[in-house]
Amino acid sequence: MKAPVRVAVTGAAGQIGYSLLFRIASGDMLGPDQPVILQLLEVPPAMDAVQGVMMELDDCAFPLLAGLQASDQAEEAFKDADYILLVGAKPRGPGMERKDLLEANAAIFSVQGKAMNAVASRDVRVLAVGNPANTNALIAQRNAPDLDPRCFTAMTRLDHNRALAQLANRTGTHVTDIQKLTVWGNHSATQYPDISHAVVDGKAASDLVDQAWLEESFIPTVQQRGAAIIKARGQSSAASAASAAIDHMRDWTLGTPEGDWVSMAIPSDGSYGIAEGIIYSFPVRCSGGRYEIVQDLSIDDFSRERMSATEQELVEERDAVQHLLP
Ligand SMILES: NC(=O)C1=CN([C@@H]2O[C@H](COP(=O)(O)OP(=O)(O)OC[C@H]3O[C@@H](n4cnc5c(N)ncnc54)[C@H](O)[C@@H]3O)[C@@H](O)[C@H]2O)C=CC1
Ligand SMILES: O=C([O-])CC(=O)C(=O)O
């Protein structure tokens, strides 16, 4: 058995938290030989609810759960944290775009960025899930100047997984038959799910589906999936979001499968001409606990136009929160 690692989760009493914590504690995120200490953060009115979640975690008698604590103080919850999952934020309701949450949620991420700067492990891996996730990750990063900027990521894995499912359904295959799909840009309705390099059962995906399906069905369905779930369920996706967070952290830590890549929103280094510094979703390969952008993919005009539109939205979101970016 390895030594335990510390995993901090914010919004621990919320919908996503309720699906996420049990999977982290069971070993789905960091592997069956990695004990974890869970450090939960909630707001004061939710501390009773968190106590209930902790009782249930105890009641699971998870062999890998090496410690469990909760706090309403970020400095306590983030102390020495090796992993921080920033879930605690307001979700959107029907008729809203995710960026409508910027004002309500942005302040949370500046406060929490400062707290992790002060107390988290210097090798911490941070995932922003709370919306608008990319810009929230940027706010946390910029408020944590003593941490490596590359520690900060945002979640587009749910979009990636949604795109896999749509393409598998259309081609009569299984998600495990598909490789090299990419979601570019923002976790928003401008994101660009791109199949131009994807391979399905060894064949080019673009030879298996027609352009009309791509433009009129696949791209809008993936872009609007979050809204479709809110409409159907009356609440935003939770179990699938938790599952994607597990996938994101697992692959970042333990590596992406040979011959494939995943989508992660990470600080742009200017690759593919994307504005440096914004938290933009790229195709990445992970190994040895580090991610690298997959380079030298051909980008046609169709893709470029969509990659630029979602980049533009992220630049605008960044400009709207300048006052929170020291
Ligand atoms: N990136 C992605 O793919 C996805 C992101 N989301 C986002 O995740 C966030 C959480 O969603 P749900 O769990 O459904 O919401 P929820 O409302 O059920 O839970 C959020 C929890 O966060 C807590 N919270 C609020 N402010 C906090 C703070 N400052 N510190 C610690 N905890 C705090 C609340 O008390 C609440 O318990 C939302 O912003 C939602 O839009 C949801 C699905 C997918
Ligand atoms: O759509 C929302 O507001 C929740 C979310 O981010 C998603 O399901 O992708």
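Glycine is no exception: its Cβ is also placed from the backbone N, Cα and C atoms.
Among the features that TrEMBL reports, active site, proton acceptor is placed at His187. Feature annotation from TrEMBL assigns NAD(+) binding site to Gly11, Ala12, Ala13, Gly14, Gln15, Ile16, Gly17, Asn105, Gln112, Val129, Gly130, Asn131. Sequence annotations record features per position, and here TrEMBL assigns substrate binding site to Arg92, Arg98, Asn131, Arg162. Annotation source TrEMBL lists domain 'Lactate/malate dehydrogenase N-terminal' at 5-150. If you look up TrEMBL, you'll see 156-322 marked as domain 'Lactate/malate dehydrogenase C-terminal'.
Figure note: comparing Cβ neighbours within 10 Å for the recorded positions Arg92, His187, the maximum is reached by His187. When the binding-site residues Ala13, Gln112, Arg162 are checked against ligand 1, Ala13 have a Cβ within less than 6 Å of one of its atoms. Minimal Cβ crowding within 10 Å, among the binding-site residues Gln15, Gln112, Asn131, is found at Gln15. For the pair Gln112 (NAD(+) binding site) and Asn131 (substrate binding site), the C-alpha distance works out to 15 angstrom. Sequence-distant neighbours of Arg98 (substrate binding site) (same chain, 6+ apart, CB under 8 A from its CB) are Arg92, Asn131, Pro132, Ala133, His187, Ser188, Gly226.
A straight line from the CA of Gly17 (NAD(+) binding site) to the CA of Arg162 (substrate binding site) spans 20 Å.
Cβ-based neighbour count (10 Å, all protein chains) for Arg162 (substrate binding site) stands at 23.
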